[in-house]
Amino acid sequence: MGNIHFVYLLISCLYYSGCSGVNEEERLINDLLIVNKYNKHVRPVKHNNEVVNIALSLTLSNLISLKETDETLTSNVWMDHAWYDHRLTWNASEYSDISILRLPPELVWIPDIVLQNNNDGQYHVAYFCNVLVRPNGYVTWLPPAIFRSSCPINVLYFPFDWQNCSLKFTALNYDANEITMDLMTDTIDGKDYPIEWIIIDPEAFTENGEWEIIHKPAKKNIYPDKFPNGTNYQDVTFYLIIRRKPLFYVINFITPCVLISFLASLAFYLPAESGEKMSTAISVLLAQAVFLLLTSQRLPETALAVPLIGKYLMFIMSLVTGVIVNCGIVLNFHFRTPSTHVLSTRVKQIFLEKLPRILHMSRADESEQPDWQNDLKLRRSSSVGYISKAQEYFNIKSRSELMFEKQSERHGLVPRVTPRIGFGNNNENIAASDQLHDEIKSGIDSTNYIVKQIKEKNAYDEEVGNWNLVGQTIDRLSMFIITPVMVLGTIFIFVMGNFNHPPAKPFEGDPFDYSSDHPRCA
């Protein structure tokens, strides 16, 4: 207020002093403001029922950023105001043909138009530049501003999303019965066309690296029922329909996330003996949790929708959790033994016969085993027969013949025929039999014990191998279920984002595109 009084005082002194330093512009300012007793607090109308028409346009010089977490759009704009003030008219010929006059905004009436949906409490422009006045009273005011407007974020298809942000301007102290807010017009071939779009100067505009502008319409809105008293409520809204450029998120989020997700399939190929099946799956799960945390830090805390990448991470984390559960089951079956568990016939039929054939698991049949394994089994199975034959042979042969049978044949001696036990004197047969049994009984018992242990060991190993095969079958079955689901789910989720396109027209149901290429006459 002190500056205004100083300006008035300076003008008055210059005018009334009569000094030669007074030029025509100073005289004009004095006539308009002092002599005519200009009151900047009064609307520029001749009658109280008249309405002041304010024309607005917006020039965008830079789309600075869109902070999703704060839901704030920061833009650098030039806000153009235009109106007529009959009190600021003059005859240019009387003032050395002055065609334009520049005045501080503190000296004249200006419409108190503010950004309604601001997000930082700054309603007005950042810099109050001079107003331009023409002899016919046409006043223009083009202040620059950096607006931080509220922009509701739709996170449903993040990072393949598009947003509809707006800058809504309204009069702070006047209603629609006192001033009207309209879009500025442009004259082309003698016709007036309203500027129903945000003006962008290609030479002065700085393109944003993350967002691409699709539509930039402007529209006047009237709300006659906004207030109970019927006072019309109006605003002029400039819309920015922008689409995200997803390259940053594809390179830094999606690609590493997908690659790490498919590392969970390695858990199916690792043998249970390695001890790394469970740790591999858990490492993948922790990596996905980190990606989910990073994503949540870039999005607003909203319960209206789940972002696309969030859906993918939750989907993958569910599958990886299934892999971890599968690893636990497989390890449980792998380390089972006959001493702790019994393998039922039903389990053998399902996991050792039916499922391996369906899953194309290679398991050699007994008929396809190598010859040395068949010979070993044949020798093991016929050990008892050999022992019984040896016992019969020892009953027939005497000890001397057994010891010197080959030597006697080389020296031409004829082997003595030993009578069968059971012929001759019974007492002699019994004595001979007892003598033979006493000498070889311990050897036969030892051999039978060895055979028994071998059979038990073979049966034990076979049972353990069957439990291992059951675990491998479950592992293979889970791999054939989880891996295709992971691949198809990944494709389906990200294909959804590919079909999320901005609308062809700015407003649904309105065929007009609100662009400078297709203006419509007022």
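Glycine is no exception: its Cβ is also placed from the backbone N, Cα and C atoms.
As given in Swiss-Prot:
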| type | residues | note |
| --- | --- | --- |
| SIGNAL | 1-21 | signal peptide |
| TOPO_DOM | 22-245 | topological domain 'Extracellular' |
| CARBOHYD | ASN91 | N-linked glycosylation site |
| DISULFID | CYS151-CYS165 | disulfide bond |
| CARBOHYD | ASN164 | N-linked glycosylation site |
| CARBOHYD | ASN229 | N-linked glycosylation site |
| TRANSMEM | 246-270 | transmembrane segment |
| TRANSMEM | 278-295 | transmembrane segment |
| TRANSMEM | 312-333 | transmembrane segment |
| TOPO_DOM | 334-476 | topological domain 'Cytoplasmic' |
| MOD_RES | TYR393 | phosphotyrosine |
| TRANSMEM | 477-497 | transmembrane segment |
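Known features from Swiss-Prot, placed on the structure.
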| residue | record | DSSP class |
| --- | --- | --- |
| ASN91 | N-linked glycosylation site | coil |
| CYS151 | disulfide bond | coil |
| ASN164 | N-linked glycosylation site | strand |
(request) Given the recorded positions CYS151, ASN164, CYS165, state which is nearest to ASN91 (N-linked glycosylation site) when distance is taken between Cα atoms. (result) CYS165
(message) Give me the CA-CA distance between CYS151 (disulfide bond) and ASN164 (N-linked glycosylation site), in Å, as a whole number.
(response) 7
(message) Using a Cβ cut-off under 8 Å, which residues of the same chain at least 6 positions beyond either end of the transmembrane segment (246-270) come close to it?
(response) 159-160, 210, 276-278, 280-281, 284, 287-288, 291, 294-295, 309, 312-313, 316, 319-320, 323, 326-327, 475-476, 478-479, 482-483, 486, 490, 494, 497
(request) Please name the residue among the glycosylation sites ASN91, ASN164 whose C-beta has the most neighbouring C-beta atoms within 10 angstroms. (result) ASN164
(request) Return the residues near CYS165 (disulfide bond), defined as same-chain residues 6+ apart in sequence whose C-beta is under 8 angstroms from its C-beta, sorted by sequence, else 'none'. (result) LEU66, LEU73, SER149, CYS151, TYR239, LEU240, ILE241, ILE242
(request) Looking only at the topological domain 'Extracellular' (22-245), report the model's average pLDDT. (result) 90
(message) Using a 10 Å radius around its CB, how many other CB atoms surround CYS151 (disulfide bond)?
(response) 23
